[in-house]
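In TrEMBL this protein carries:
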- 55-295: domain 'G-protein coupled receptors family 1 profile' (DOMAIN)
- 41-66: transmembrane segment (TRANSMEM)
- 73-101: transmembrane segment (TRANSMEM)
- 107-128: transmembrane segment (TRANSMEM)
- 149-173: transmembrane segment (TRANSMEM)
- 193-212: transmembrane segment (TRANSMEM)
- 244-263: transmembrane segment (TRANSMEM)
- 275-297: transmembrane segment (TRANSMEM)
Amino acid sequence: MEPTAALNESSAAVPWLPARAGNASLELASRPPAPTAINPWDVMLCVSGTAIACENAIVVAIICYSPTLRTPMFVLIGSLATADLLAGIGLILNFVFQYVIRSETVSLLTVGFLVASFAASVSSLLAITVDRYLSLYNALTYYSERTVLCIHTMLVCTWGVSLCLGLLPVLGWNCLHDRAACSVVRPLTKSNVTLLSASFFLIFIIMLHLYIEICKIVCRHAHQIALQQHFLTASHYVATKKGVSTLAIILGTFGASWLPFAIYCVVGDPDYPSVYTYATLLPATYNSMINPIIYAYRNQEIQRSMWVLFCGCFQSKVSFRSRSPSDV
């Protein structure tokens, strides 16, 4: 699901429609630009975009800077960070173009950029989930060339599909000349946001299924260890419980961020007050703010690389443990 759609609610091209339209802010006006009061929601989106861009720029820099972070797991984390970085930049540009440079062309380009970025972010989360599942299900063959090929294939599909989704409004699938076809996220059409929402629901269901399978594998491994040792130690129980809890937090955070916006895009009416769109879109952007914390900064290899990058030296007294993709 690509929230980016929502962002063009106020197009860079033109001012917000006056409040007399009652519903909605996210509409492009065809009349000459006039001074526009800054919408507080747009400010919050811009601030969110700035935080997202800064967080993920650090992750991208660390992965590019560290030759040791070249395994499939870190390639996928880098893809996620890159997508979120672009989404953050897109939110900032949306604000700038909305209030500084008003043009229908720029507006559509910004919308397409945001759609593609958020689509790549959500798709990268799916790719990371698949990678974690494979690292447990095929643990013995995970580090083979076949896995590398699989990861590269997922990356090509992720960015290829995301780019196509981003190009749709730019190539004409928009409601600039047909207001009746507009969705709650102008200038995207109802059919466009329905497609994006359906794509998100599909990805969410696949991720839910894979995380359930991961939980089953984790619990099965713990049971096998218990049988070998003839009892389940407290440490094994705690580790298993922690792993399952972490998976629940990961999926819960993702769903809580995106589901409200995805659902509202389907059931919402363009005549509803624009505050509803903003109120569901803003939490969706927070997912890109949380992603680097969950997938990057908690990883001890990245922590070690950050220590080297920002401190200039590595002190051996700081203990780091190498983690595999299956560590959650």
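Just so you know, glycine gets a Cβ as well, placed from its N, Cα and C.
TrEMBL: automatically predicted annotations, no manual curation.
Predicted, not measured: the structure shown is a model, and the values here were computed from it.
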Among 41-66, 107-128, 149-173, 244-263, 275-297, stretch most in contact with the transmembrane segment (193-212) (C-beta, under 8 angstroms) = 244-263
Task = Take a look at 73-101, 107-128, 275-297 and tell me which one has the most Cβ pairs under 8 Å to the transmembrane segment (41-66).
result = 73-101
Query = Which whole-number mean pLDDT does the model give the domain 'G-protein coupled receptors family 1 profile' (55-295)?
reply = 87
